[in-house]
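K.L.:
Before we start, here is the structure in question, set down as structure tokens.
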Amino acid sequence: MALPLAFAGLPVYLHAPDFYATDLGVSLAALGTVLLGLRLIDAVQDPFIGSLSDRWSSHRGLILWIGALMLGGGFWMVFTPMGSAPLLWFAAAVLLCTTGFSVVSINLQALGGLWHASDADRTRIASWREGFGLLGLLLAAMAPTVLAFGDPRAVAFERLALLYLPLLALGLLLLLRWLRRAQLDAPAADEAGVGWREVLAGRWRRQFFGLYLANTVAGSIPAVLVMFFIRDRIGAEAQTGLFLLAYFLSGALSMALWPRIAARFGKPQAWALSMGLAIATFVWASLLGPGDVTAYAVVCILSGLALGADLALPAAILADHIARDRAQDAASRLYSVMTFVSKAALALATGLVLPTLGLLGYVPGSALTETGGLLLSLAYAALPCLLKAVTLVWLLKMMPVLAPAPLAPDAAAGVDGVPGSGRPAL
């Protein structure tokens with residue numbers, strides 16, 4: 001299911017705005033305003049989706065069906081636009097699509113925390129889930145070009161929408177099949193007994209979500225600026241697809257590496273190692289300039305390796321905490337906080353970094369002055385390095401808090417004698 005979820009994001013947020021602006025004549029400023037508002041709505045609604053999912057956890061299968069129908073319908077609407085009011089159609093379609101995406105992804109992540117499994121199995125499943133997610137990104141990056149067959153872009157996007165629907169249906173059916181057989185720690189009652197104050201209480205949760213927010217903001221800034229940096233700083237717009245392929249493929253391949261490192265040294269320790277790798281990589285990236293194509297390709301590969309850890313390890317750390325804190329009735333809400341943090345970080349990066357660069361004189365697509373190139377490099381690479389470094393120091397300081405404590409005898413046995421049935425409190 002992670003593959004169709006990831007597949008949906010890239011076309012909706014990368015290709016669709018350009019399609020509506022270029023082919024349908026919608027104002028880019030209007031699209032940007034709508035997207036910012038939609039991202040804020042998308043982020044704010046996630047905790048409520050998590051709360052409702054916890055409250056109705058005995059109907060998890062039905063919730064997944066509803067979410068998938070919204071996701072598939074919204075995705076199809078995005079790429080089959082109505083000609084008379086394209087901006088309104090775009091807003092409604094993206095809202096439907098992203099709401100469905102949140103419903104499915106929050107419940108999918110929560111199932112990982114509720115599943116009877118060892119710490120190693122949870123890490124393995126989280127890694128496979130994110131690995132398939134990266135594969136979905138790779139397919140989504142290539143699909144519009146492959147499906148064009150020389151036809152206009154609108155036709156290619158219609159084919160993309162038609163291709164996505166069976167892909168989503170297959171992922172949902174496989175997930176529901178697994179759900180019928182899985183042993184879960186879901187609460188028996190329909191009504192969750194834990195309020196939001198209790199869900200977010202405790203030093204562990206505050207430290208974890210604070211670290212996750214800081215780390216995600218640091219990672220979102222390069223994601224927002226990558227197209228500008230490739231075109232205007234490196235001068236290699238024609239190689240953009242290859243750079244993205246190297247980045248995501250490296251991240252996908254690293255999903256097999258980080259669980260092994262985590263099993264040997266610990267998940268917080270492995271997460272810290274990935275932050276160190278990201279810092280070193282972006283220090284190098286900040287020194288690159290026009291024509292440094294090969295060097296930037298290496299940057300993409302190394303940062304992709306760090307991406308694999310950022311995707312797999314925080315979710316696995318939270319799942320371990322859930323398995324020790326007996327917080328089954330708060331699972332969806334805890335993962336909805338992770339999702340909220342991710343989306344809020346992206347909105348923050350989009351809403352602050354781009355306007356700031358504009359105020360400082362950066363004009364996308366224009367020839368960069370020496371000062372302009374320096375500003376772009378500082379924003380794309382140096383600022384994330386600084387944020388990552390602060391986050392790494394924070395993580396190292398909080399390592400004793402984040403490291404899992406030994407399970408109590410009754411928690412170690414689990415509810416039915418199965419190890420790890422308790423749990424802790426993106």
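Keep in mind that glycine also has a Cβ here, set from the backbone N, Cα and C atoms.
Computed from a predicted structure; not experimentally measured.
TrEMBL lists these features:
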TRANSMEM  24-41  transmembrane segment
TRANSMEM  62-82  transmembrane segment
TRANSMEM  88-111  transmembrane segment
TRANSMEM  132-149  transmembrane segment
TRANSMEM  161-179  transmembrane segment
TRANSMEM  209-230  transmembrane segment
TRANSMEM  242-258  transmembrane segment
TRANSMEM  270-289  transmembrane segment
TRANSMEM  295-319  transmembrane segment
TRANSMEM  340-362  transmembrane segment
TRANSMEM  374-396  transmembrane segment
K.L.:
For the transmembrane segment (88-111), which stretch among 62-82, 161-179, 209-230, 270-289, 374-396 has the most Cβ pairs under 8 A?
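P.N.:
That would be 62-82.
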K.L.:
Going along the chain, which residues at least six beyond the ends of the transmembrane segment (340-362) come within the CB cut-off of under 8 Å?
P.N.:
36, 39-40, 42-44, 46-47, 209, 212-213, 216-217, 219-221, 223-225, 228, 368, 371-372, 375-376, 379, 383, 426
K.L.:
At a C-beta cut-off of under 8 Å, are there same-chain residues at least 6 beyond the transmembrane segment (242-258) that contact it? List them, or none.
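P.N.:
Here the qualifying positions are 127-128, 130-131, 134-135, 137-138, 141-142, 226, 230, 236, 270, 274, 296-297, 300-305, 307-309, 311-313.
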K.L.:
Could you pull out which residues elsewhere in the chain have a CB under 8 Å from any CB of the transmembrane segment (270-289), counting only those six or more residues past its ends?
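P.N.:
Sequence-remote neighbours of the transmembrane segment (270-289) are 215, 218-219, 222, 233-234, 258, 261-262, 295-296, 299, 302-303, 305-306, 308-310, 313-314, 317, 373, 377-378, 380-382, 384-385, 388-389, 391-392, 395-396, 399.
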K.L.:
Where among 24-41, 62-82, 209-230, 295-319, 374-396 do we find the most Cβ pairs under 8 Å to the transmembrane segment (161-179)?
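P.N.:
Comparing 24-41, 62-82, 209-230, 295-319, 374-396 against the transmembrane segment (161-179), the winner is 62-82.
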K.L.:
Looking only at residues six or more beyond either end of the transmembrane segment (295-319), which have a C-beta under 8 A from one in the stretch?
P.N.:
109, 112-113, 122-123, 126-127, 129-131, 133-134, 208, 212, 215-216, 219, 222, 230, 234, 236, 239, 242-244, 246-255, 257-259, 262, 267-268, 270-271, 273-275, 277-278, 280-282, 284-285, 288, 334-335, 338, 402, 423-424, 426
K.L.:
Same chain, outside the transmembrane segment (374-396) by at least 6, Cβ under 8 Å from its Cβ: which residues?
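P.N.:
Contacts with the transmembrane segment (374-396): 210-211, 214-215, 217-219, 221-222, 225-226, 228-229, 232-233, 268, 271-272, 275-276, 278-279, 282-283, 285-289, 353, 356-357, 360-362, 368, 402.
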